[in-house]
């Protein structure tokens with residue numbers, strides 16, 4: 001019997017577990033206590049593994065394991081199911097329009113002359129056309145221009161819905177470096193003439209030739225939707241149509257095209273419905289034009305340092321191709337500016353993207369482009385409702401592959417959870433202090449005593465509110481008109497922002513009793529919890545920005561600590577302030593951000609000033625208090 | 001005494017009635033190369049009068065003996081004692097600036113129904129209005145049943161009776177409803193043609209070819225019943241604006257019966273008292289009208305097709321290609337209106353009306369908005385952007401959520417050559433889950449606003465209504481699809497995690513051993 005005992009022991013244990021003679025509540029509380037004790041003991045390991053998992057996950061997003069092929073969700077769209085009628089006659093029309101536009105370009109025509117010419121061409125086609133002049137005041141004084149637009153009131157319909165076909169005068173090449181989008185404009189003109197011949201449109205068609213790169217469309221759309229922008233004087237529109245559902249923006253700067261690129265990011269992290277992009281890339285492929293994401297042709301020259309057999313491995317090629325796309329995506333989305341003119345439509349709940357004709361010697365041109373646009377318009381024409389199926393949260397890793405929200409969101413969330421755990425841990429630590437060692441009655445293990453102490457919440461909250469107000473002040477200085485006049489302004493602002501918070505340790509009481517927790521601990525706890533909350537909220541609004549924050553704040557904020565020597569304290573303080581506000585010294589970067597805020601209302605500048613910088617400032621203060 | 005009068009009147013109605021049928025088609029080439037055609041079929045029931053609602057209690061109405069007058073319609077009119085009735089079903093956006101006023105003023109998009117009825121008798125006006133709606137819905141295969149209480153209004157001034165109201169000593173009331181989402185199509189035309197004495201077999205109605213009618217840029221059918229001392233008149237009309245340049249795919253604006261309707265008039269309608277085609281001749285340019293008209297008067301060519309055998313294919317031919325008017329031409333109507341619902345938010349918006357007076361004289365306009373309750377006006381935010389106070393006589397019937405639309409009526413005064421901007425904040429309703437239509441993400445169509453120019457003595461009589469295009473409004477719509485479920489699920493998980501974390505932070509779990517009190 002005794003010999004058999006060990007064998008039966010596990011079974012008996014199970015039986016004991018199943019027996020319900022013990023109080024179940026008691027058992028639950030016991031289990032819970034044990035779990036929390038475990039978490040408490042292993043918190044350091046847990047945090048480290050969460051950080052590790054988060055960063056690894058982030059690096060894994062471009063891999064082909066996390067993404068999947070695109071598919072259609074909205075069955076009404078029926079892409080590439082129609083015969084297209086665009087033919088060489090229309091190509092000829094487009095060429096004639098192009099000739100006239102080139103004449104305009106060579107004669108250095110003003111904005112007004114240009115828009116008047118385009119509006120007249122629209123009128124000759126038989127469309128209701130008009131122009132709209134606009135002017136920005138304030139910081140970006142001198143941005144002005146004139147848009148031309150036409151409305152095709154489609155037969156038989158009430159005209160309450162509309163689709164937009166637009167082209168900006170300046171192409172998106174190098175983010176609007178001044179290359180003219182003449183062929184894009186010619187395409188729109190030829191399309192307007194061609195599309196008028198059909199009675200099958202179920203929505204009004206609005207053709208817009210916007211002046212400038214982004215500014216013209218911003219002026220047009222704010223006037224169309226009756227939004228007022230304090231620094232914009234835009235003429236009211238003489239002609240209007242219904243609610244715009246979809247918009248296609250055409251960018252064709254080169255002589256011919258080899259690929260069509262998709263640009264889809266909108267301002268402040270908005271994305272168009274994926275069905276629209278899917279339809280376009282499906283149609284383009286059917287027509288025979290290869291589609292790429294952005295203007296990335298499929299050559300990975302920057303990988304030349306890798307050995308050939310590794311470089312040509314399928315998995316690795318895919319990873320690096322997609323990583324490059326992802327990097328570009330993060331840049332566009334996090335900057336809050338979007339990747340082009342189409343983004344401006346997203347502000348008004350219009351799904352839009354830019355089809356960018358990659359300049360090349362061939363083989364495609366107006367003929368393929370026109371057919372693709374015609375077919376895409378027929379597809380959006382099929383919509384009975386706004387695009388609502390499919391995805392609004394996605395990351396395109398390639399033109400035909402995407403990562404679902406569930407596969408990318410957790411990476412940033414894991415990091416924010418790690419930060420939250422760190423904050424809670426510091427919070428708990430702040431509540432306890434080592435008590436005076438009791439006299440060891442028994443030699444050996446003298447039990448450590450812990451004494452509870454008060455946590456100064458009010459002071460810390462005061463400091464935090466101060467930092468955010470301080471950030472708001474920095475923001476107002478940066479967005480004011482005078483800021484851009486002084487060459488030295490960024491430098492002075494940085495110095496002020498660096499020096500002013502140094503007064504805080506002087507006004508906070510230095511010597512505290514043992515019964516009160518040090519300010520720095522509580523501040524760090526709050527700072528970590530707040531940063532974690534900010535990151536997890538931003539993940540759904542603008543994942544790219546959240547990922548950048550997770551990288552920029554995750555480890556640095558968690559490792560902040562006070563130091564005994566003044567010198568080390570100052571070094572730490574300076575590091576954190578540079579991390580938080582160093583960007584204002586990068587002249588080009590800051591200027592572009594101010595422009596984006598002023599003209600396009602991109603939120604990155606206020607966000608950096610009012611949320612991001614104060615968070616780093618708080619942690620900088622942790623080091624010196 | 002009264003009884004004899006009724007008996008006598010019904011006798012005269014049965015025996016002494018004479019019925020007349022007249023048809024007319026007028027065709028006009030428009031400035032933008034399009035061609036507007038307007039068919040009008042009118043049937044006059046001489047010396048007849050509408051039914052007095054007090055006699056609805058007596059089932060003695062035996063006046064359903066018609067020869068030309070459509071019986072199905074006559075039954076409906078008498079069953080519900082309707083004095084005056086207007087029904088229009090239109091598709092497209094009438095471009096007043098380029099096309100001028102239409103021959104028949106009812107060009108609001110979708111379905112519009114209005115009726116004048118006398119109060120009194122056994123059933124109330126609202127009961128009869130409901131019955132009328134449903135009967136007409138059945139007759140015309142149209143969604144007129146949707147013109148329910150939530151869309152029915154009674155504007156005080158904008159729609160005066162076109163005919164006369166009988167002096168029965170009873171108050172007459174107007175019921176008006178419009179439904180912008182209604183699409184007019186063949187199923188509405190077929191019952192419409194059945195009301196005509198010759199159907200579409202002969203006469204001008206031959207030309208009503210559904211393939212061409214419903215391909216026109218703008219098309220609409222209308223039914224008007226009105227009473228004047230001569231008798232009860234039913235007018236059925238079809239209007240269309242076709243684009244010969246689009247149809248022919250050449251650049252010419254030439255039109256003929258054959259190109260516009262793909263048919264010719266082969267034989268006359270034998271019961272038609274008159275059958276007339278009127279072609280508005282272009283004011284300038286070289287053109288040829290074929291065949292030679294019967295006579296020309298005031299720049300109009302008249303063709304009398306009454307009882308004339310032979311096939312008619314009237315046409316106008318221009319020698320050269322059509323050139324679109326290059327510069328901005330002046331509008332053909334005394335005033336132009338732009339109406340828009342601004343803002344892309346889902347809870348509030350701004351209704352904006354821009355009215356331009358194209359004349360030198362001052363213009364008084366009666367402005368009517370009949371809004372479903374999903375849009376509620378904030379009247380205190382109403383602003384008129386102009387130097388003077390140019391809005392007066394405001395009357396507003398508040399909407400009742402889920403029950404009654406709002407009616408806003410006022411008079412706008414525009415000095416000569418001026419532009420007036422009227423803007424008002426609106427609130428968009430938050431709908432119940434079940435109130436959303438199947439295509440919830442499309443939005444809601446709002447009926448057109450109606451402008452009526454007032455004569456200098458302030459009367460609206462003989463003034464033509466001006467319909468703005470309809471609007472589409474986005475209301476807060478739940479996503480009735482998968483992401484909606486995902487959001488709900490995620491929220492539940494977050495709430496659960498928050499609860500647990502909150503518990504941990506605020507509560508302390510200890511094991512309390514209770515001494516067994518007295519037991520064991």
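Numbers here mean position along the shown chain, with the first residue as 1.
The backbone N, Cα and C atoms fix where each Cβ goes, and this holds for glycine too.
Feature annotation from TrEMBL assigns transmembrane segment to A:35-58, A:408-428, A:457-478, A:484-504, A:543-561, A:573-590, A:602-624.
Note on the transmembrane segment (A:35-58): residues 410-415, 417-418, 421-422, 425, 547, 550-551, 554-555, 558 of its chain, located 6 or more positions outside it, place their CB under 8 angstroms from a CB of the stretch. Between the transmembrane segment (A:573-590) and the stretches A:408-428, A:457-478, A:484-504, A:543-561, A:602-624, the greatest number of Cβ pairs separated by less than 8 Å involves A:602-624. Against the transmembrane segment (A:457-478), the recorded stretches A:408-428, A:484-504, A:543-561, A:602-624 differ in Cβ pairs under 8 Å, and the greatest number is found for A:602-624.
Below 8 angstroms of C-beta separation, residues 43, 46-47, 50-51, 53-55, 57-58, 60-61, 66, 393, 395, 455, 521-522, 524-529, 531-533, 535-536, 539-540, 543, 546-547, 549-550, 553-554, 557-558 of the same chain, each at least six residues beyond the ends of the transmembrane segment (A:408-428), sit close to that stretch.
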